[in-house]
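First the structure, in the form of structure tokens, and then the observations on it.
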């Protein structure tokens, strides 16, 4: 019985599981259905073990509960959990469940999905009401629900088109033979293919062409292997192998890929809107030696006439890598503040990195954290320690009730606008959480000493070059101080928390905190974690949070919880401004708080190519549209050609940043003439399209409809596009077809059966569902085509403008690409670009028909902006100067 299970000791459970695990999984008895209660919008039932327990990877839980709810006509919620509700469930505080409208499935409306089940053994199926297509079917494979292992398998059509299940660096369309997607967030240097990376998104899209597209989301944060393969009978399947938690499924009816993404956003949350300036170009590097080198980069971009919106600083600014500190010799506060002021005076911005790990030594962030008791502790009450950049470290417990105040206070102190580093946005890293020390890491202090943590800072430069354009008080002062000796700070000995109780002794009584007695370090089932043991390179999974939850269950939530609290801390600093926070680690729903950069990639053509698929997965499936890769690659030495190509591609990432690693060749865009030219051209196009991007981005934050689109999202009935992940739509109007091979000046681009226009010439190209070879593509160019039927608003004066502030002052030109019927339409959204709450805006639709351009919509923002020109694409490109104010409805004849 489940109640009896809670009274057994860990040793007894382990011995029992191993003694009884004689049966293969295929012989597990499954469950039978009893006590079914039909409801207007679903049903409830009890599931009871249908035979002898098999106890293969834990102890079978005898009594389960089944609930189904037709939340809306397009969404079905199916939940299977233990009857006693002691098994861990993702807390509502971390993932708020959608509010279900009682009228969403009124009697006159018919749900688009159907739930059916078999009683003994229990299985269930989900089908599409309109065509009886079976979408999910567990028949023939018994449900296994054990203390540390949950298994559920669904059959699939042959050769299915599956997408999602991130984070990974595999093709967008998932492999379907002998393929395993492991979800266990880890520090994944070089983002190797076929492995678990920084995020966990148990959401997939199943695209079946004209039969429709649906989505399946499993709300479960435990480690898992999701296996896709064929069985011995050649039946295609997808199988969940989970280390715990419950089966909390949301099924989305679609029927289009865009519909599925919108429906997922209704559950996971709408993405956060970013400030307009955040869509500009960003520069960073790990390894800038001092604040003067950072300033020199700013100057060099200006000299090269490459627009730079935001300058970043990696952990180099810290005192021996300790968060919320400055290196007083290399990044003195007054000089950092002077640079920030210099940037702000020129409408540029500044960002630094913050890691979660706090140095276990005498420093303010550590001392204040101790006072509030916010750090993770072991079961004996002592502080849990790992080893990260500053050496021995402790980790904030995001579940602790004091942590929010602690984190907000640290930001308020260090990033104080009047006395600290007045950052404009935030970068958070290492929040899987990363830990350099392998389990069991019994002596993190010794590990840090042996592995040179923190690393020696660079020697203080005695004679940094003067900085043209900077004021005299900012210029370097000559110094012969070459003292870079390590400050070995005193390790503070902390007693166990007084009165601390081993969490896990009282986690019954339906509190959903996780079963007692589990093997939290070495569970019987081994997921394919590329780091090895669950606790390798991260926090130990047998430690507990202040609310009683085990790290074993919540590991995949750590980065997203840091994201949420960091966004709150940024809001506290600037309550009326939209925060921009970029994170490495994510879980489902993280897009409501943050954007994501795709991690520590490599300067290779393989990583360049796969960055497109990664970007599309996050933006179109996982609802994290502020996404992009490190342009030119993070680790390894880039090349001039690769960096040129990447500069042009990255300009069509929503998040556009150049970043690379200490010790590698410098790769700022001005380092090579050809790369500088590529960057200037690409940024000019990007900035001309910035309001088009901003409009599309805003729409996703309001409706959930994605704007960065795989081709199958735009042409769902074209079977030729299901595997294309080297082309994409930038908004629904612009097709981007980058060169993806080294040494090539051509690209084999697929054009669906539609009308397209070359962005550069305006000439038409009639797609016929075939591959067309585009030739003579220089290293500084990227092929772009506008889809027929679209109007694209572009800023008229973007060329040569250094900041997005300048861009916002220029007027508009409408690029009109008539469809096959001769008509076209497009949208434009303008607000103040930064306020959290907008009270005034221009939100309009442009239409073109029979030679007339019209505008209508919302005009509550007082503005002098106007449409100054139009360009009508076609065999004979037409350009006209017009005057169409954006202060009210109107139109002009061309």
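Cβ atoms here come from the backbone N, Cα and C positions, even for glycine.
Note that this is a predicted model, so its numbers are computed, not measured.
The Cβ neighbour count for residue 429 (active site, nucleophile), using a 10 Å radius over every protein chain in view, is 24. Swiss-Prot lists 429 with the feature active site, nucleophile.
For 432, the entry in Swiss-Prot reads active site. Around residue 432 (active site), the C-beta neighbours below 8 angstroms that are at least 6 residues distant in the chain are 185, 186, 187, 198, 538, 555, 558, 559, 584, 585. Classification of residue 432 (active site) by DSSP places it in coil, neither helical nor stranded.
A coil conformation is recorded for residue 600 (active site, proton donor) in the three-state DSSP classification, outside any helix or strand. The Cβ neighbour count for residue 600 (active site, proton donor), using a 10 Å radius and every protein chain shown, is 22. According to Swiss-Prot, the feature active site, proton donor maps to 600, an assignment based on similarity to another entry.
The feature N-linked glycosylation site is assigned by Swiss-Prot to 137 (among others), with sequence analysis given as support. In this structure, residue 137 (N-linked glycosylation site) is part of a beta strand by DSSP.
Residues or ranges marked as N-linked glycosylation site by Swiss-Prot on the basis of sequence analysis: 178 (among others). Around residue 178 (N-linked glycosylation site), a 10 Å sphere centred on its CB holds 9 further CB atoms from the protein chains shown. Reduced to three states, the DSSP call for residue 178 (N-linked glycosylation site) is coil.
In sequence order, 668, 670 are the residues of the chain that are 6 or more apart from residue 300 (N-linked glycosylation site) and have a CB within less than 8 Å of its CB. Taken from Swiss-Prot, the feature N-linked glycosylation site applies to 300 (among others).
Per Swiss-Prot, the feature N-linked glycosylation site maps to 402 (among others); the stated evidence is sequence analysis. In this structure, residue 402 (N-linked glycosylation site) belongs to neither helix nor strand by DSSP; it is coil.
Look at Swiss-Prot and you will find 482 (among others) tagged as N-linked glycosylation site.
The N-linked glycosylation site annotation in Swiss-Prot covers 483 (among others).
In the three-state DSSP assignment, the secondary structure recorded for residue 536 (N-linked glycosylation site) is coil. Look at Swiss-Prot and you will find 536 (among others) tagged as N-linked glycosylation site.
The annotation N-linked glycosylation site is assigned in Swiss-Prot to 601 (among others) on the grounds of sequence analysis. The Cβ of residue 601 (N-linked glycosylation site) lies under 8 Å from the Cβ of 190, 191, 607, 611, 629, 630, 633, 634, 635, each of which sits 6+ residues away along the same chain.
A C-beta separation below 8 Å, combined with a sequence spacing of at least six in one chain, links residue 637 (N-linked glycosylation site) to 603, 664, 665. Annotation source Swiss-Prot lists N-linked glycosylation site at 637 (among others), citing sequence analysis.
Among the features that Swiss-Prot reports, N-linked glycosylation site is placed at 802 (among others), with the record citing sequence analysis. Neighbour density for residue 802 (N-linked glycosylation site): within 10 A of its CB lie 21 other CB atoms from the protein chains shown.
Annotated signal peptide per Swiss-Prot: 1-21, in sequence order, evidence recorded as sequence analysis.
Counting in whole angstrom, residue 802 (N-linked glycosylation site) lies 28 from residue 600 (active site, proton donor) by their C-alpha atoms. If you compare Cα positions, residue 600 (active site, proton donor) sits closest to 429 out of the recorded positions 137, 178, 402, 429, 536. You'll find the Cα of residue 536 (N-linked glycosylation site) roughly 18 Å from the Cα of residue 429 (active site, nucleophile). Spacing of residue 178 (N-linked glycosylation site) relative to residue 137 (N-linked glycosylation site) is 20 Å (Cα to Cα, whole number). Rounded to a whole value, the Cα-Cα separation of residue 402 (N-linked glycosylation site) and residue 429 (active site, nucleophile) is 22 Å. For residue 137 (N-linked glycosylation site), the number of other Cβ atoms no farther than 10 Å from its own Cβ, over all displayed protein chains, is 18. Geometry remark: residue 137 (N-linked glycosylation site) versus residue 429 (active site, nucleophile), CA distance 39 Å.
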